[in-house]
Amino acid sequence: MSVQTVLGAIAPDQLGITLPHEHIYMDASALRCPASIGEDRGEAPFDFCNLHWIQQHPFGHRSNLQLYKEVDTIKEELCSFRKAGGGTVVENSSIGLHRNVKALQQISLDSGVNVICGTGFYVDSFHSKETKSMSEEQLAEVMRRELEEGVDGTGIRCGIIGEIGCSWPITESEVRVLRAAATVQASLHCPIIVHPGRHHDAPFQIVRLLQESGADLHKTVMSHIDRTLFEKNQLLEFAKLGCYLEYDLFGLEILDYELNLNVDMPCDSERIRSIQMLLEEGLVDQLLMSHDIFSWHRLSRFGGHGYSHILQNIVPKMQRRGVPQAAIERMLIHNPRTWLTTCR
Ligand SMILES: CCC(=O)NCCS(=O)(=O)O
């Protein structure tokens, strides 16, 4: 039994507190969308006089989405995460997001935090021409190779498939990727994590597609539940399918969610209440928590919450609200460990 990190395989009990959905080296600037209201400062300098605008329009500012330009800051912030009690970060930057496994290896060495990296492909708009022209079998072969042999001749092996990106409506290329990911997962029994499109039917459709290709739903994480499923009956219906439900946007509090203006992004207190409701329904073994840091404005250096927010602020609030310590430990230690462990 082991978990594959960028520094090699480790025993599952070495993971400790684990953030299952973060980014530490990524360029997401192709996500950039124009401000829905008021002036556009998308190309303005990242400085204090623009900070509130950037906080309100995080997807509208180019540099804000270029995490890969702040490697030293990321290292410092991961050191703080380790000092706060953290052990492991799962880096979800898949192909298309300017992934750099060598940089991840160095960041892990310098910070002392275990880093697990992902294979697979982000959403359609990030698929290259080459990706779009590949068959399901060819896509599967890329993922299998990165899991078993390593990425681009580095020997650095991925420990998960994901994040696999899906749009709403899902595209043909994304369906091929999803099916390929499921077949690889079915043969290697590895963990998989999916970014659903921004619609409440998306997680259900994705799970159907994964199931048709033989995926193990108990090894599957559905990300971004916080901005995708809101109604109690939808959440309970989805949980019955057996996946993990990941509340992974802790710290992201915005008025207008510019990637889908029909969605009201919940605040952290609402995330905690949803998790409490699911705990009361007996779903402690299916819940995961993370921040999905994708931008500068969420790093402490730039006035954000950093990778320690869940440990420093969310856990104490959960305790005040009566969430049992055992449930907190299941969500932060045991569930990620079960998801990430493979029989190799
Ligand atoms: C690339 C990072 C990412 O996909 N973040 C998800 C943001 S959201 O779709 O949940 O808003």
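Cβ from N, Cα, C; glycine included.
Per TrEMBL, these features apply:
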- H21, H23, E163, D292: divalent metal cation 1 binding site (BINDING)
- E163, H195, H224: divalent metal cation 2 binding site (BINDING)
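Taking the centroid of the Cβ atoms of H21, H23, E163, D292 as the divalent metal cation 1 site, the other same-chain residues with Cβ within 8 Å of it are E22, V90, N92, S93, I193, H195, S223, D248, S290, I293, F294. With a cut-off of 6 Å between Cβ and the nearest atom of ligand 1, the binding-site residues H21, H195, H224, D292 reduce to H195, H224, D292. The Cβ of H23 (divalent metal cation 1 binding site) lies under 8 Å from the Cβ of L67, E91, N92, S93, L97, D292, I293, F294, each on the same chain and at least six residues away in sequence. The binding-site residues in question are E163, D292, and the one with the fewest Cβ neighbours inside 10 Å is D292. Under the DSSP three-state reduction, E163 (divalent metal cation 1 binding site) is assigned to strand.
With a cut-off of 8 Å between CB atoms and residues at least 6 apart in sequence, the same chain places H195, P196, E246, D248, L249, D292 near H224 (divalent metal cation 2 binding site), listed in sequence order. Under the three-state DSSP scheme, D292 (divalent metal cation 1 binding site) falls in the coil class.
Shown in sequence order, H21, N92, G162, I164, G165, C166, I193, V194, P196, S223, D248, D292 are the same-chain residues outside E163, H195, H224 whose Cβ sits within 8 Å of the Cβ centre of the divalent metal cation 2 site.
Long-range Cβ neighbours of H21 (divalent metal cation 1 binding site) (same chain, at least 6 residues apart, Cβ-Cβ under 8 Å): V90, N92, E163, I193, V221, S223, E246, D248, L288, S290, H291, D292. H23 (divalent metal cation 1 binding site) falls outside any helix or strand according to DSSP and counts as coil. A sphere of 10 angstroms centred on the C-beta of H195 (divalent metal cation 2 binding site) encloses 25 other C-beta atoms.
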